Amino acid sequence: MHEISLIESVVALVEDERRKQDFSRVRMIRLRLGALGHAEPEALRFCFDAVTRGTIAEGARLDIDIVLGEGWCSSCSRTVPLEERFAACPICGNAPVQMTAGDELRVAEMEVE
C-alpha cells in the first residue's frame with residue numbers, strides 16, 4: 001500500500017509550509033488526485049487518519065478532487081478524454097496519446113490557523 005508513503009509526503013509538505021508561514025494548525029487539506037494514477041481515494045483517507053496522528057494535521061479534514069484523464073493526440077491534434085493509460089485516441093483510433101492530466105497527486109489547498 002503505497003498510499004501511506006504518499007500521505008507521509010503530504011504531511012512533510014505541510015510541515016515545511018508551517019515553518020515558512022508559521023501557522024499552528026491545519027483544518028483542511030484538499031488534494032487533486034488523478035483518476036488514472038495508482039492511488040485509491042479511500043486508502044488515502046484511511047492512511048491520512050493514521051499518518052497525521054500526532055502531527056500538525058491531526059484532526060484535519062481531507063478533501064479529494066478527482067482529475068479525469070486527458071491526453072493530446074498528435075494525429076488529430078486534439079485534447080481527448082482518456083479512461084485508461086496508454087489508450088488509443090477515442091476520436092481517430094491512433095496511438096499513443098500523450099497523457100496531459102489524470103496522473104497527478106497535488107496539494108491544491110489548505111485551510112490553516
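Note that Cβ sites are derived from N, Cα and C of the backbone, with glycine treated the same way.
Note that the coordinates shown come from a computational prediction; the quantities given were computed from them, not determined experimentally.
Per Swiss-Prot, the feature Ni(2+) binding site maps to His2. Annotation comment: Swiss-Prot describes Cys73, Cys76, Cys89, Cys92 as Zn(2+) binding site, evidence class sequence analysis.
A map of Swiss-Prot features onto the structure.
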residue : record              : Cβ contacts under 8 Å, 6 or more apart
His2    : Ni(2+) binding site : His38, Ala39
Cys73   : Zn(2+) binding site : Thr79, Val80, Cys89, Ile91, Cys92, Asn94, Val97, Gln98
Cys76   : Zn(2+) binding site : Cys89, Ile91, Cys92, Asn94
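Mapped onto three states, the DSSP output places Cys73 (Zn(2+) binding site) in strand. Per-site Cβ counts within 10 Å over the binding-site residues Cys89, Cys92 peak at Cys89. Neighbouring residues of the recorded Zn(2+) site, listed in sequence order and excluding Cys73, Cys76, Cys89, Cys92, comprise Ser74, Ser75, Ser77, Arg78, Val80, Pro90, Ile91, Gly93, Asn94, Val97 (Cβ within 8 Å of the Cβ centroid).
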